[in-house]
Amino acid sequence: ALPSLLAWLAVLLLGRARPADACSCSPIHPQQAFCNADVVIRAKAVSAKEVDSGNDIYGNPIKRIQYEIKQIKMFKGPDKDIEFIYTAPSTAVCGRLLDTGGKKEYLIAGKSEGNGKMHITLCDLVSTWDSLSPTQKKSLNQRYQMGCECKISRCLSIPCFVSSSDECLWTDWAMEKNNVDGRQAKHYACIKRSDGSCAWYRGMAPPKQEFLDIEDP
């Protein structure tokens, strides 16, 4: 009777599991998202359809959404333009939904699949172009890349401290009530200096050489 009871309890617990709980993402500074990505583009989605993408270990077809896109600019990635973006079919399994009206422009960061294809999840950086600050847009061209050897550490609560000289402390989460789109995210980049240390830089123009040899601004 005990094995039967345990099996019944397992079924009951599995039945109460919510699919939405399957996907969770840690907050990440946009510069980190840029550095972690294989591909970063500005693009529009013009159509979407569900496609099969192989089979799982049980032989069942794996469904994905295929977005046909119009690439406007590539900030990081291969020489060939991206033509298709793939993602899981729902947010419950980390899929990312895009507007396919062809009017909304996005900044999209994700993983390359080769041959003009890339893959994105709910945890990747995907923002409408209009929601980006002028500094963020400028940073995509060079500044973020200048700090990819730096480490951006999220401060969960005050006080918090850096543990090494190549680290920038991201305090938006602690200072702005768990805001992942705060002042540092919108207006700062973590840049490596000539002595190997890293520091936050704020400004529309690319950092001057003098910044690389001075203390934090």
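Cβ coordinates come from backbone N, Cα and C, glycine included.
For reference, TrEMBL has these:
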BINDING   CYS23  Zn(2+) binding site
DISULFID  CYS23-CYS94  disulfide bond
DISULFID  CYS25-CYS123  disulfide bond
DISULFID  CYS35-CYS148  disulfide bond
DISULFID  CYS150-CYS198  disulfide bond
DISULFID  CYS155-CYS160  disulfide bond
DISULFID  CYS168-CYS190  disulfide bond
DOMAIN    23-148  domain 'NTR'
SIGNAL    1-22  signal peptide
SITE      ASN36  site 'Involved in metalloproteinase-binding'
SITE      LYS63  site 'Involved in metalloproteinase-binding'
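Among the disulfide-bonded residues CYS94, CYS160, CYS168, CYS198, the ones whose Cα sits within 10 Å of the Cα of the residue listed as 'Zn(2+) binding site' are CYS94. Only CYS94, from the recorded positions ASN36, LYS63, CYS94, place their Cα within 10 Å of the Cα belonging to CYS25 (disulfide bond). Taken residue by residue, the domain 'NTR' (23-148) breaks down under DSSP into 23 helix, 53 strand, 50 coil. Separating the Cα atoms of LYS63 (site 'Involved in metalloproteinase-binding') and CYS168 (disulfide bond) is a whole-number distance of 40 Å. Between the alpha carbons (Cα) of CYS168 (disulfide bond) and CYS160 (disulfide bond) lies a span of roughly 11 Å. Nearest in space to CYS35 (disulfide bond), taking C-alpha to C-alpha distance over the disulfide-bonded residues CYS123, CYS150, CYS155, is CYS150.
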